[in-house]
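Feature annotations, courtesy of TrEMBL:
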DOMAIN    A:9-71  domain 'V-ATPase proteolipid subunit C-like'
SITE      A:E58  site 'Reversibly protonated during proton transport'
TRANSMEM  A:6-29  transmembrane segment
TRANSMEM  A:50-74  transmembrane segment
Amino acid sequence: MDPVAAKYIGAGLASLGMGLAAIGVGTIFGNFLSGALRNPSAADGQFPRAFIGAALAEGLGIFAFVVALVLLFVV
Amino acid sequence: MAAGGGIDPIHQFEIKPIVGLRPFGLDLSFTNASLLMVLIVAVISIIMIYGSSQRSVVPGRLQSLAEMIYEFVASTVTGVMGKEGMKFFPLVFSLFMFVLTANMLGMVPGSFTVTSHIVVTAAFAFLVIGTVLVYGIVKHGSHFFGLFVPSGVPGWLLPFMVLIEAVSFVSRPISLSLRLFGNMLAGHIALKVFGGFVVALLAAGGAATVIAPLPLLLAVALTALEFLVAFLQAYVFAILTCVYLNDALHPGH
């Protein structure tokens, strides 16, 4: 296979990871919202925790993004 | 990259020297990144010094801004680490203010985003993890390494758990720096690419000019989203700093 083509295919495959991280972030905020609607008084106290979870899930998507960028611009 | 109609989305992150300084073969040039960092510190100093100099009972605009930021960070710090966590307040507050101002000044068109360079974010992340290690070992000694030994785990599973905890600890500075860097880089590249679509569609002419305003509208929406991300990433950086420092304050599960 042409190395340049392989590079772009690899970057495209790496960007799939960002979509998968989006599922994780969506799950966290969806569950947070459904919990918050059941008990709104407890929601504010758990807000930072929702963000920690979302940040940790999002970080893995960012890893995939960095892999795609490295393939596109560095390799 | 041909994506933006010949517009290079990476070009905006280029570091250009303003005043060249090369003593003893070291590159100590004053670059656009250095200029932005000086500006960031100046902006923070103006807000915080003028905001706290009045000390009126009914705060003015600048004073209430300074008070709001203080209250916000203080409640985050005490919420995660408890009362004794306030000894780390200066560190968390400085990091939060610097990252927030860097992200916000980076949103000014034509300026430069300091936090979109991994060397800056990695320096912050290693500062945080270095603080955790030094404080944890000085304060708790060998008890600090209880962090890697979860309680209530069956004996045969323990080596694996210690290994997993150690790997997760080592990956913390990497993920902390990459998250901020990646978010800022991705946001600014996306803005540039959508701006490039407008130019490419207008250059194509004919029917393409009709749909040229569509990516422009999307770029406006993306700019609003980027302001949200700029704040959110500063908040996430501050709160994760608190979580990691909490391990140094209260090690052991």
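Positions of Cβ are set from backbone N, Cα and C atoms, glycine also.
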What does the DSSP secondary structure composition of the domain 'V-ATPase proteolipid subunit C-like' (A:9-71) look like, as residue counts for helix, strand and coil?
62 helix, 0 strand, 1 coil
Within the chain of A:E58 (site 'Reversibly protonated during proton transport'), which residues six or more apart in sequence place their C-beta under 8 angstroms from its C-beta?
A:A21, A:G24, A:V25
Pop the mean pLDDT for the domain 'V-ATPase proteolipid subunit C-like' (A:9-71) in here, whole number is fine.
89
